[in-house]
Amino acid sequence: MHLIVGLGNPGSQYELTHHNIGFITVDAICKYWGFQLFSKKADYLITSGMINDNKIMLIKPYSFMNNSGIPVAKIRNFYKLSLDNIVVIHDDADLELGRIKVKKGGSSAGHNGLKSIDSFIGNDYWRLRFGVGRPEDQRSLADYVLSKFSNFDNVTPLVEKIAKNIHLMLQGDNTAFINLIV
């Protein structure tokens, strides 16, 4: 079993923001692979289904970014999941918009959602880093990541490619995964 976590913030004011690319991507995975709609738990939304022969749980923590580790730890502990079977999809301002990197472990690089997860389960899980870039104007990074994409249509094809090919990452074929989405 694998757990795919999409990071973001709940609420309509955060929809289609840079910081919510994790939510956006797990929604696309859910749709592409025909999972049931998400159901609401105390502090997260969850659904499950199959990708090829693998049981997959998708979650969107609804505890706000800074507390994402709480629901992730609950699910990990309940299902006794190995960190090798956890993938966290998150925005990364250090990567240019549309650039993707797959990485296991490492620091949070200042990302509060990752800091929270690290504090509850450690940092040796998989990350799908979705580049959102940095502001080109005088806005702070915090204001930028909480702003909506200026042209979401430019992001949609990449999100769809990730959804279609996520099975390769789950199989451990990160090279094929990256080659098919770039």
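Cβ atoms are placed via backbone N, Cα and C, with glycine included.
What Swiss-Prot records for this protein:
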type: SITE; residues: N9; note: site 'Discriminates between blocked and unblocked aminoacyl-tRNA'
type: BINDING; residues: Y14, F64, N66, N112; note: tRNA binding site
type: ACT_SITE; residues: H19; note: active site, proton acceptor
type: SITE; residues: D91; note: site 'Stabilizes the basic form of H active site to accept a proton'
Binding residues Y14, F64, N66, N112 (tRNA) - maximum C-alpha distance in whole Å: 16
Intrachain C-beta neighbours of the residue listed as 'active site, proton acceptor', sequence separation six or more, cut-off 8 angstroms: L7, G8, N9, M65, D91, V132, V145, L146
DSSP three-state assignment (helix, strand or coil) for Y14 (tRNA binding site): helix
Cβ neighbour count (within 10 Å, all chains shown) around Y14 (tRNA binding site): 17
The one of N9, N66, N112 whose CB sees the fewest other CB atoms within 10 Å, among these recorded positions: N66
Protein Cβ atoms within 10 Å of F64 (tRNA binding site), excluding its own: 16
N9 (site 'Discriminates between blocked and unblocked aminoacyl-tRNA'): secondary structure state under DSSP, collapsed to three categories: coil
